[in-house]
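Asks: Grabbed the feature section from TrEMBL, which reads as follows:
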TRANSMEM  B:61-78  transmembrane segment
TRANSMEM  B:90-110  transmembrane segment
TRANSMEM  B:116-137  transmembrane segment
TRANSMEM  B:144-169  transmembrane segment
TRANSMEM  B:189-209  transmembrane segment
TRANSMEM  B:238-263  transmembrane segment
TRANSMEM  B:275-296  transmembrane segment
TRANSMEM  B:308-325  transmembrane segment
Amino acid sequence: MVTIRAQGLSVRLGRHPAVNGIDLYLEPGQLVGIIGPNGAGKSTLIRAMLGLIKRENGSVLIDGTDSAHMTRRAMARRIAYLPQGQTLHWPLAVERLVALGRMPHLGPLSRLSVEDEALIDAALARADALHLKGRVATELSGGERARVLLARALAVGAPALIADEPLAALDPGHQIDVMDLLKAEAQAGSLVVTVLHDLGMAARYCDRLVLMDRGSLVADGAALDVLTEASLASVYGISARIDASGKWPLILPMGRVKS
Amino acid sequence: MSIRRHPLLIPALILLMLIAALGSVTLGAVPLSPARILAVLTGGGDDVARAILIDLRLPRMLLGLIVGAMLGLSGAALQGYLRNPLAEPSVLGASNAAALGAVCALYFGLAQMHPLALPALAITTSLIGIGALFLLAGPAESPLTLILAGIAIATLSGAGISLSLNLSPNPFAAMEIMSWLMGSLENRAYSHVWIALPCVAVGAALLIADGRTLDALTLGEDGAQALGIDLRRARLRLMLGVAIGVGGAVAVSGAIGFVGLIVPHLVRPLTDRSPSAILLPSMLGGAVLLTLADIGVRLIPTSSELKLGVLTALLGVPVFLIHLMRERRLW
């Protein structure tokens, strides 16, 4: 179980204010979707919460402890992070790549234990990638790669997972698989935060949506409270058909609105 | 493509190293019969053979192993850290910067004042070179900016070496410039071994301990930090390791290029390709390669002995060419 609280979080990228005084409290057991147009500051917000980027203002509390006083290793054990569009710099075997996820738990010179190996296999299995174990990660298809990288994040075994655009490059079937997996993680008690561009997926799966625009948080709550015709028009500049009659809400972008 | 380390890689490299070391002691410009060599090795032998073996060839062999090991290891570590298969101490200017420090110490008389002045200055300038490199290349560390920054530092240091030798009263300046920029193990003594060995031991220890950090960097800087790696400290250890090790090595041999480039490329296909897995094999392989190259320059019949860097450059260029062909998808 882990909680993350951002208080008055602001980040500047160069001169450009990328994140503007954001307050956010994230609780375990929820799948939280962060949505917003390109350049809204979603990834920057995530990176600031993880301490990967210099904060201009504000603080981040992890389980009530100021993250500025936590070591990187302690952070890494609490929160697993799947960066956006992860590039792999060496042609590692899938097994070796996923094993990197155990790094926050390893002593300075220790090797992977039997327990670690089991967790690696379990993570691969959950991401439906166990059959790829012996392959070379850089030779996989986009979808296979995305699942292997997700397995890498799962292998950390942290109580929180932050995934930046995990659906990019996935076909609809695998998109559903990944969302099912994230949902299952949340239902098992983890805190799962994910940046999404597919509003339909966001509305269908997320327990809570956080809508960002130009560095600020503009709406926060259940899918149908956040995704309204008015908010979609003002934030995304689109008109959309919103159908709340079915089992889950359907969001269908229709066209541009003139602002 | 192999995904596991070849089980015989390390034993084979150790065996090759022993063979190269033996070759380095037994082969040379003056042919010695096996009987005379054996006599010296068993404690007897004539004075000439004894002088050649113990005072000339043995320190040279030791230096070949020590310097080669450091160059191979630092190439592997830099490639892992920078996630760039073209990284190497001489390509990045660290070797030339160290050579500049060594030249300054020698030709402005500092080395005579204190025996530690030479390695200390070489290490300092090497550290400045690497620090400047990381500053110039910026956080993105794209291959292009890195290589450009490396060329700038190498060129500036090379110019500095030429200038200080030009200004020195030494009439053999041109020869000296060459020997510092291309490297040589000719006429080295035990005093050189005692300069290089401690520096290389410290540098190698700093680099080889950071294998896990290099592995984590496969996922990029954000990915590594999210796995609990303190990148600022890792960068400091790497810079110090390369500067101390390469500084100490270059202080006795001059800037020998390409060893750190070639060796990781040769051993990588025999490992699981993770940056940590090539560290130790690159260290052993560097020792083998440089010792063999040093035997080569002694045996190739030329009017004056070839510079070691000439031979390693000849071996290094094909590695660049293979990369070029892969980039252009000709391979």
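Heads up, the Cβ atoms here are built off N, Cα and C, so glycines get one too.
Whatever TrEMBL says is automated annotation, not expert-curated.
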Asks: Ranking B:90-110, B:189-209, B:238-263, B:275-296 by the number of C-beta pairs under 8 Å to the transmembrane segment (B:308-325), which range is first?
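Replies: By the under-8 Å Cβ criterion, the transmembrane segment (B:308-325) pairs most with B:238-263.
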Asks: Within the same chain, where does the transmembrane segment (B:90-110) have neighbours whose Cβ lies under 8 angstroms from its own Cβ atoms, ignoring anything closer than 6 residues to its ends? I mean 6 or more beyond.
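Replies: Long-range Cβ neighbours of the transmembrane segment (B:90-110): 74, 78, 117-118, 120-126, 128-130, 133, 146-147, 149-158, 160-161, 164-165, 168, 170, 176, 180-181, 242-243, 246-247, 249-251, 254-258, 260-261.
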Asks: Which sequence-distant residues neighbour the transmembrane segment (B:116-137)? Criterion: at least 6 residues beyond either end, Cβ under 8 Å.
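Replies: Contacts of the transmembrane segment (B:116-137) (Cβ under 8 Å, skipping residues fewer than 6 from its ends): 92-102, 104-106, 110, 145-146, 148-150, 152-153, 157, 195, 199, 235, 239-240, 242-244, 246-248, 250-251.
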